[in-house]
Amino acid sequence: EEQKEDNNSTECSKLGIMDLKFTSSRKYISISVPSKSQTMSPHIKSVDDVVVLGMNLSKFNKPTQFFICVSGVFMFYLIYGYLQELIFSVEGFKPFGWYLTLVQFGFYSIFGLIELQLIQDKRRRIPGKTYMIIAFLTVGTMGLSNTSLGYLNYPTQVIFKCCKLIPVMIGGVFIQGKRYNIADVSAALCMSLGLIWFTLADSTVAPNFNLTGVVLISLALCADAVIGNVQEKAMKLHNGSNSEMVLYSYSIGFVYILFGLTCTSGLSPAVTFCSKHPVQTYGYAFLFSLTGYFGISFVLALIKIFGALLAVT
């Protein structure tokens, strides 16, 4: 019996769970618990820090975090939307939506690299394969959205974007296994219909339902349905930072678009046109990208803290 107990003690010691020691006079139990540094991945923190543009939101309570993020989204994306339509109002620029996206991705990559250099932890936490998927979806949603403005006016694009909640909910069910109750689904439908009704009530600018533009913006919405949920899952699983997400996803996306424009011979005409109107194109594109970068930083913070559905709402 003593031999069996000694064997059991040896097996437990090998597992690092419990060390049973026996003496002739008494027996006692020694329990060994692995430290946190041994059991946890070295880059996972016990408390997730959410930093946006150098501001650590983790020290604030949830309502304050929500208010700061939403304020940032509204402020920067109002300017972003204005500049986006302003660029496309330049005569002759409408065919170059993909080139604008290329320039935008280039600026985003530079901004992300600068921000990443300013933080202490510069390691890439999210796998490269995940970034390749996110980059592809980002190219789809932003490129198709920008290109659609060559066929649709801004109010029409907004009408379709008002439906974004519904595909995001569908994506959450299939990608993350989320379940929404009747109240959530009804609220999303009512909000989408209400926003569409509100946009249609604009008496100054009539919507322009061009079939090509409708197809493009619909495909952009499908990419939107996936990307938010993939970002949420990746950031929560690997605790990736906003600057890391922006840098890698947009730099890989930049390569995708550059390759596509080169293969389709769409790069040279766009460069020639923009060189003739540098201020209205590159100048506006810089401000457009800067406000978009600030806006996406707050969106990613919302996704990380509250989830994709609330961020889209």
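Each Cβ is built from the backbone N, Cα and C atoms, and glycine gets one as well.
Residues or ranges marked as transmembrane segment in TrEMBL: 66-84, 96-119, 131-152, 158-175, 182-200, 206-227, 247-267, 287-312.
Among 96-119, 131-152, 247-267, 287-312, 131-152 has the largest number of CB pairs under 8 A with the transmembrane segment (206-227). Tertiary neighbourhood of the transmembrane segment (182-200): same-chain residues 155, 158-159, 162-163, 165-166, 169, 207, 309, 313, selected by CB-CB distance under 8 Å and a gap of 6+ residues from either end. Beyond the transmembrane segment (287-312), the same-chain residues lying 6 or more positions past its ends with a Cβ under 8 Å from any Cβ of the stretch are 48, 50, 52-53, 57, 62, 65-66, 68-70, 72-73, 76-77, 79-80, 83-84, 87, 103-104, 107-108, 111-112, 164-165, 168-169, 171-172, 184, 224, 228-229, 231-232, 235-236, 242-243, 245-246. Outside the transmembrane segment (96-119) by six or more residues, the chain places 51, 53-54, 87-88, 139, 142-143, 146-150, 241, 243-244, 246-248, 250-251, 253-254, 257-258, 260-261, 266-267, 269-271, 273-274, 281-282, 285-286, 288-290, 292-293, 296 with a CB less than 8 A from a CB of the stretch.
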